[in-house]
Amino acid sequence: MVSKKTILTPLLAAGALLASSSVFAAGPTAETLAGTCSACHGYQGNSVGIMPSIAGSTAEYFTDTMKAFKSGERKATVMGRVAKGYSDEDIGKMAGYFSQQKPVGMKQSFDRTDAALGKKLHDEYCEKCHEDGGRNNEEGPVLSGQSKLYLTYSMEDFKMSHREGPKKMSKKVKSMVEKHGKGGVDAVLNYYASQQ
Amino acid sequence: MSNFNRRDFLKISGGLAVGATVVGCATNLGGAAKARVVVVGGGVGGATAAKYLRMMDPAIHVTLIEPNKHYHTCFMSNEVLSGDRSIKDIEFGYAGLAGHGVNIVHDTVTGIDAEKRMVKTADGDSFMYDRCIVSPGISFTWGAIEGYDAKVAEKIPHAWKAGPQTVTLRKQLEAMRNGGTVVIAAPTNPFRCPPGPYERASLIAKYLKTHKPKSKIIILDPKDKFAKKGLFTQGWKRLYGYGTDNSLIEWVGGAAGGKVESVEANNMVINSQVESIKADVMNVIPPQKAGKIAFSAGLVNKKGWCPVDVATFESHIHKGVHVLGDASIATKMPKSGYSANIQAKACASAIVAMLNEKEPGVPSYQNTCYSIVGENYGISVGMIYKYSKAKNLVTPIKGSGGVTPKDASMETLKREAHYAHGWFDNITHDIFG
Ligand SMILES: Cc1cc2nc3c(=O)[nH]c(=O)nc-3n(C[C@H](O)[C@H](O)[C@H](O)COP(=O)(O)OP(=O)(O)OC[C@H]3O[C@@H](n4cnc5c(N)ncnc54)[C@H](O)[C@@H]3O)c2cc1C
């Protein structure tokens, strides 16, 4: 885990350099802004409920996601309303903060048999982009350790075009479902949920 | 630390010993602490502030004074009434905070001497502080409704502080006959959790619908509007026949004479401006004001709430004392748990800056309140706010926030209900974990 110290030090150092009036001009710090997210997304971005963990998102993925919520391009329950309250600069600061937090897998129940099958399917259909069993965040969000219910919602959203996904992803999912049925998707999600 | 005396030193080292047995926590009190903060009240605001102070600057010694060994969250207490949760599911202890090195003292604060910077407790102890945080929640204006006082409230619960009264109300609902009448008396503004009484009516209706479908809930309300009214009534129509003769819920607003004037506890009769209702179960939520200690410490204005600087939450009346949560006036944030949690972080961050001789940073605030209307049916209201220094206001950011759209699909409403539960899991972990 990124220790508190590493986060605090640069912020405090920056604060010390600023004259009192520019403390205000600089706006809320990254840590302050991130603090407004934790009631829903968990302390330091690691969720223990069904909302997704945002710890360990790359700055780019976080920023793109917030912008998609803001523009309405990505459908949401509350995040569309929430994202509109933050400027691009705010979003940039939060993105920096969450990219530095280490993701911690959520404690949740899962089906062991499904998870074992899911691992195989993941390796075959998903691993190419979501590397390291979904732990890698370079091609998108961290999948391992996310809430299973949230991932289920995400898959529904991709299917309904409520959320834009890469073309190659829909192709892969389609061929997996053709071969293994809808249970295949569920198995893969059980695999991600098993990584705690 | 000029007024650090021997008695305090004993207190702190005593506290350390207790902390150490809990988790061998890393309180760095080997030498003198940098500064002492005393937090009054271990509810949402107080517990969050204590934890975040320790996270932000472990050199600060934090003592939290709270009479109860366990805290019951008001949020999701309405699900205890519907039977969807047990009281244990909304119960939290203080071991998590002790693990962060917060010195926990179970006692009631009886006075705050802002000049001497000293807090006094019922057990006769006193605690010196450099900064004091007060988050005592609400107290009730007894006498506003004739015949309803603290003693009657044990039999006819308000259940507006979760705990034993929540359990009493649940038991009364369970014992009620099919065909019984439940009366909820909603309070006047401002009060804790604006959508709360209406979520409560919804969740009681959810229980009655399956277990006692011939029963009825009447909400007597002194107001003509309430939070998320359009969404609640839409949900009530869909789920509970609202507006029909067989509706499980009836709402009587102020214009229709919904203001409650008196309660006859012995006959179980409640008298509004226009009618007297014989009830099987009554839930009377009286008008509210800041928690009692805010009055004894002289932190309140004429209206009974605490005026503060909304960036630091320092009292406008007593320097060095910060008031947050329901007791404070943080217009235009609603009195909610989410608000108290966010205010606590802003306050903790300002205090850390002040104690380190730095200027407090710019706060950022948010509130999202979910309400459960029925099975797989949730709605929400949210807002992002910014600090307005000139007006000392927490002002909504234009274009942000708002309520669940009226044309939201059933799928969206289902997700909102699930997210409400997820919010509960995360905020309680943020506060007590
Ligand atoms: C039915 C209901 C549903 C709700 N649902 C939601 C919801 O869904 N979302 C939401 O955000 N909010 C909700 N709320 C509101 C939320 O519970 C409050 O806004 C929140 O608890 C306020 O926090 P606080 O710190 O001000 O007070 P509290 O959480 O009440 O904490 C006050 C603490 O101070 C202690 N205390 C008081 N006096 C003293 C003293 N003299 N010495 C020491 N300790 C003292 C008390 O024992 C208590 O532990 C709901 C409220 C109700 C009633």
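Backbone N, Cα and C define each Cβ position, glycine as well.
The feature signal peptide is assigned by TrEMBL to A:1-25.
Marked as domain 'Cytochrome c' by TrEMBL: A:15-102 (among others).
Residues near A:H41 (heme c 1 binding site) in space but far in sequence (CB under 8 A, at least 6 apart, same chain), listed by position: A:S47, A:M51, A:P52, A:S53, A:I54. Marked as heme c 1 binding site by TrEMBL: A:C37, A:C40, A:H41, A:M79.
The feature domain 'Cytochrome c' is assigned by TrEMBL to A:113-196 (among others). Here the domain 'Cytochrome c' (A:113-196) is broken down by DSSP into helix, strand and coil counts: 55 helix, 0 strand, 29 coil.
If you look up TrEMBL, you'll see A:C126, A:C129, A:H130, A:M169 marked as heme c 2 binding site. Over all protein chains present, the Cβ of A:C126 (heme c 2 binding site) has 22 other Cβ atoms lying within 10 Å.
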Count the Cβ atoms, other than its own, that fall within 10 Å of the Cβ of A:C40 (heme c 1 binding site), considering every protein chain shown. 26
Sub-8 Å Cβ contact with chain B: please pick out which of the binding-site residues A:C40, A:H41, A:M169 have it. A:C40, A:H41
What whole-number Å value do you get for the CA-CA distance of A:C37 (heme c 1 binding site) and A:M169 (heme c 2 binding site)? 29
Can you name every residue in this chain, apart from A:C126, A:C129, A:H130, A:M169, with its Cβ inside 8 Å of the center of the Cβ atoms of the recorded heme c 2 site? A:Y125, A:E127, A:K128, A:E139, A:G140, A:L143, A:K172
Near the Cβ of A:H130 (heme c 2 binding site), how many other Cβ atoms are there if near means within 10 Å? 23
CB neighbours within 10 A of A:C37 (heme c 1 binding site), counting all protein chains shown, number 22
